[in-house]
């Protein structure tokens, strides 16, 4: 199974693909799509959409995972992240890729074994889990890999119980 994890954002959308076979995880590719701060918002969303479509076409994931939107105190940030998330969901749906959504707590528990793990602990667990020499950068790319790892660990159970 080739799983694409996406950490949505308008300035930076992290993405990472892992392959999960016979209980073993392997990094396929990781990166981030970025948009310039001065670019009009609709153009930023279009650039993210086109970039994600290119990644999907090039790397051919079987499945995808996106973190559920967390509503913090900053409503404007939540709205723009929600729009970037919508762009990602659209690109995945158009490509016919099944999408699964995970709460931040579930991602932390799956990757670090602890729902209270901080960002640094999560990044280190991503590095260790995939056998990488360094933590993937930017942070959004490491976050996307954590989401992909969470899905790779969770998907077999979902399939076994007919929930995928």
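Each residue, glycine too, has its Cβ placed from N, Cα and C.
According to Swiss-Prot, the feature active site maps to 7, 67, 140. If you look up Swiss-Prot, you'll see 7, 140 marked as Mg(2+) 1 binding site, on the strength of sequence analysis. According to Swiss-Prot, the Mg(2+) 2 binding site annotation covers 67, on the basis of sequence analysis.
Positions of the features from Swiss-Prot, shown on the structure.
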{"residue": "7", "record": "active site", "DSSP class": "strand"}
{"residue": "67", "record": "active site", "DSSP class": "strand"}
{"residue": "140", "record": "active site", "DSSP class": "helix"}
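The number of other Cβ atoms within 10 Å of the Cβ belonging to residue 67 (active site), over all protein chains shown, comes to 22. For the pair residue 140 (active site) and residue 67 (active site), the C-alpha distance works out to 12 angstrom. In sequence order, 13, 14, 15, 67, 140, 141, 143, 144, 147 constitute the residues six or more apart from residue 7 (active site) in its chain with CB-CB distances below 8 Å.
Every protein chain shown contributes to the tally, and the Cβ of residue 140 (active site) ends up with 23 other Cβ atoms within 10 Å.
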